[in-house]
Amino acid sequence: MENKASKTGKIYITIVFLLLYIPIVYLILYSFSKGTTMTNFQGFSLKHYGELFADKRMLAIFLNTILIALLSSVCSTIIGTMGALAVHNAKRRHERETLLSLNSILLVSPDVIIGASFLIFFTALKLPLGFWSVLLSHIAFEIPIVLLLVLPRLDEMSPSMTNAAMDLGASPSQILSKIILPYIQPGIIAGFFMAITYSLDDFAVTFFVTGNGFTTLSVEIYSRARQGISLEINALAGIMFIFSLILVGVYYVIETHNTGNGDKKNIVEVTDR
Amino acid sequence: MKKFLAAFIAILAICAGLAYGSNQLTKSTGDTGNKVLNLYNWGDYIDPALLTKFQKETGYHVNVETFDSNEAMYTKIKQGGTSYDITVPSDYMVQKMKADHMLIPLDKSKLKGMNNYGSSFMNKSFDPGNKYSIPYFWGTLGIIYNDQSVKPGSLTHWNQLWSKKYRNDIMLIDSSRDILGFSLISMGHSVNTTNSTELVAAKNKLNRLSPNVKAVVADEIKMYMAEGEAPVAVDWSGEASEMMSQNSHLHYVVPTEGSNMWFDDLAIPKTAKHFKAIYAFLNFMNKPENAAQNAEYIGYSTPNMAAYKLLPKNVRDDKQFYPDQQVLDRLQVYSNLSPQKVQEYNDLYLEFKMHH
Amino acid sequence: MKKNFRGLFFTPYVLWLGMFVIAPVALIFYYSFFDIHHNFTLSNYQEFFTSGTYLTMTANSVLYAFLITLFAILISYPMALVISKLKHRNLWILLIILPTWINLLLKAYAFIGLLSHDGLVNELFQFFGLPVQHMLFTDASFILVAAYIQIPFMILPIFNSLTDISDSYIRASRDLGATKWQTLTKVIIPMTMPGIKSGIQIVFIPSLSLFMLSRLIGGNKVITLGTAVEEHFLTTMNWGMGSTIGVVLIISMVIVMLLTNTKRKRRRA
């Protein structure tokens with residue numbers, strides 16, 4: 001859109017950003033505390049980072065968590081996008097409504113129910129619990145969110161675009177890769193990132209379907225609550241946060257470098273209409 | 001499309017790197033694959049240094065997996081698909097798992113150092129003769145208060161919690177048995193009562209406590225009390241010791257009418273496979289020096305009297321966590337209730353929570 | 001698109017639906033007809049719809065979920081609007097998502113530290129000469145923290161549909177003499193309805209069964225259906241009753257979906 005953000009708008013988002021980041025800054029700050037809890041700050045110290053790097057088990061758990069998050073998000077983004085195409089192409093209205101309702105069931109069911117039923121499901125199939133069962137479950141509960149983020153963009157895409165391409169003799173796969181995918185790209189990226197969020201945040205489902213020594217960070221954090229969560233976890237969260245901040249920065253530099261300036265797809269859009 | 005493909009390949013490459021890294025890390029912790037013990041424990045509920053020591057002494061690598069509640073652990077083990085060798089259920093859960101044939105009896109001939117345990121902590125109603133379980137840690141239910149607002153020594157009875165003095169001052173631990181339990185004790189009933197009239201009376205009495213209740217919370221109660229958010233709380237001794245280490249104004253008291261005594265126990269679930277490792281581990285944890293080291297790390301009370309003697313004097317003399325025999329005599333242990341009674345306790349408790 | 005091409009594309013998704021949606025749902029329905037003694041019965045449903053406890057809980061859950069969603073929209077819409085006008089808008093939107101990667105429990109503990117009696121916020125208040133506020137365990141703090149958690153999930157779909165509006169519409173609207181406000185309410189908001197609906201689906205429905213935050217921040221003063229499900233699955237192990245609540249949640253979700261999806265607009269066709 002051409003009109004630039006107004007001054008009040010900028011002040012508004014600055015405030016919201018501050019509020020969003022205060023709790024994060026707070027918990028990272030405490031990872032530098034000499035004390036043992038997030039209550040009274042007791043002077044600067046790096047000891048929690050020392051503990052963290054000496055804790056091989058925790059580091060392995062951390063790597064496993066990221067591995068599951070990335071892998072499951074890639075898979076669920078692919079399947080979820082296909083699902084969005086399926087829903088989008090549903091001919092009858094009730095077909096679409098049924099698909100959408102089924103899709104959202106995993107979003108509404110409380111985690112405990114999903115976890116328990118997946119556990120029953122996996123043990124009935126005699127699938128060993130561990131990495132694969134966790135990966136499958138994560139893919140399963142991330143698909144609906146991807147679909148919900150991709151679908152609105154598909155629905156907003158004007159059919160004239162695909163029709164025109166078809167008239168010009170484009171094959172379905174060309175239509176998909178040259179027209180549809182570039183258009184819904186922002187939805188796909190959003191879906192991927194949200195899938196990561198769901199994966200990193202999940203405790204209940206992972207707890208039920210894991211086994212054979214495989215653990216993720218969430219399960220470890222929640223089960224530590226009874227003994228009190230040590231600031232080592234804060235240190236880990238801090239590192240993870242800074243690391244993803246750097247990643248986002250790098251991604252962005254590459255992105256702007258590649259596409260030059262401005263958004264390509266807007267040009268497509270304008271010429272279309 | 002090209003961009004998507006590139007991103008896809010990049011992510012897969014990162015994943016491969018992560019998998020390699022986590023594999024290397026697991027190897028470096030000494031996981032050789034065959035000489036292992038799978039321990040299913042509460043999070044951070046054993047000194048990691050002991051696990052290293054155990055591996056050095058016996059060669060068994062301990063894989064730790066964690067759970068956050070007895071019931072979640074029960075569901076997991078009951079469903080199968082796992083191979084846990086040792087788990088750490090609380091008292092009533094030992095009884096429940098035993099009744100559901102989910103525990104393997106201990107082979108006493110392979111156990112050493114069982115006489116280290118104090119007689120007050122053995123042969124309890126949930127597992128007569130300790131056929132299935134060895135006590136790991138124990139504790140009580142009691143009242144924590146902040147001496148900045150409550151005069152030390154002035155709060156010694158459950159009934160005092162109902163006093164108008166403590167309006168909107170009390171935090172309760174979110175646990176149906178414990179909350180209904182102290183109400184029952186304050187009325188002179190058993191914490192294991194199955195008499196519905198007594199239970200309803202206990203709930204009605206709790207409803208009258210509502211104006212005094214600030215919040216009903218779980219593990220986070222430690223943080224709240226340490227922060228001074230409320231002056232009084234009803235919680236377990238283990239949690240109390242944790243918060244007292246953070247805030248020196250806090251004190252713990254077991255009311256004189258009596259209270260609940262809880263145990264976390266080591267037990268062998270039916271999923272166990274590595275029996276040599278299991279007995280090596282149980283004997284290792286029976287040793288006084290190891291049990292003492294663990295007690296110092298966790299901060300809970302140890303039932304191992306030989307280990308107790310090795311603890312620092314200020315810990316040994318702390319009557320809050322190692323009370324006298326006459327207090328011990330007034331403590332009651334939870335026994336497992338039938339599913340409908342558990343439901344009845346929880347329904348009443350839910351009604352109490354919704355009352356305010 | 002051609003039939004065979006479509007069929008190929010639907011396979012993974014349909015497989016997923018069958019394995020991870022239909023199967024668990026069938027299981028949930030099945031369990032909901034059994035009581036603690038594993039007898040087939042309708043008593044769970046009877047209890048749910050006749051007991052005051054569950055009906056109050058349902059009413060509470062709907063009310064709080066509604067308020068949380070409302071707050072989330074009120075904060076998120078302007079946020080998405082402003083960000084979509086920024087030069088590096090994709091970067092800013094990533095920065096909105098980042099906080100969601102920190103564990104919920106850790107963030108909740110941070111909030112306890114911030115909002116508590118001696119916490120940072122109260123210290124700030126005192127610095128400005130304001131009286132100390134009791135902020136925890138109030139409905140307001142519960143709703144605010146829940147909205148905090150949900151805002152990124154609301155901003156994203158709205159932002160998504162905002163980036164899609166081409167300048168020509170806004171220019172056209174202005175050329176026709178519309179004020180900024182008219183452009184917003186008559187052009188931009190209607191055009192972003194699909195995004196808003198997605199946002200509502202992502203935020204409202206999970207908010208019905210929040211239990212962590214209602215305990216951590218709300219001190220169990222707010223009891224939602226999530227609290228009851230948690231209890232039935234993990235404390236009393238009455239999976240029958242827990243599943244019944246699950247069924248009720250699924251049905252109410254379908255209703256919300258039908259309400260937010262009443263018309264499939266083909267406005268550009």
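Every residue, even glycine, has its Cβ placed from backbone N, Cα and C.
Residues or ranges marked as domain 'ABC transmembrane type-1' by TrEMBL: A:62-251. Here TrEMBL flags A:12-32, A:61-87, A:99-125, A:131-154, A:175-197, A:203-223, A:235-254 as transmembrane segment.
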Beyond a gap of at least 6 residues from its ends, the CB atoms lying under 8 Å from the transmembrane segment (A:61-87) belong to 96, 99-100, 103, 131, 134-135, 138-140, 142-147, 150-151, 154, 180, 184, 187-188, 191-193, 195-196, 199-200, 214-218, 220, 236, 240
Surrounding residues of the transmembrane segment (A:175-197) on its own chain - C-beta under 8 Å, 6+ positions past either end: 69-70, 72-74, 76-77, 80-81, 84-85, 142, 145-147, 149-154, 157, 161-162, 165-166, 264-265, 268
To the transmembrane segment (A:12-32), which of A:99-125, A:131-154, A:235-254 is linked by the most Cβ pairs under 8 Å? A:235-254
When each of A:99-125, A:131-154, A:235-254 is checked against the transmembrane segment (A:203-223) for Cβ pairs under 8 Å, which one has the most? A:99-125
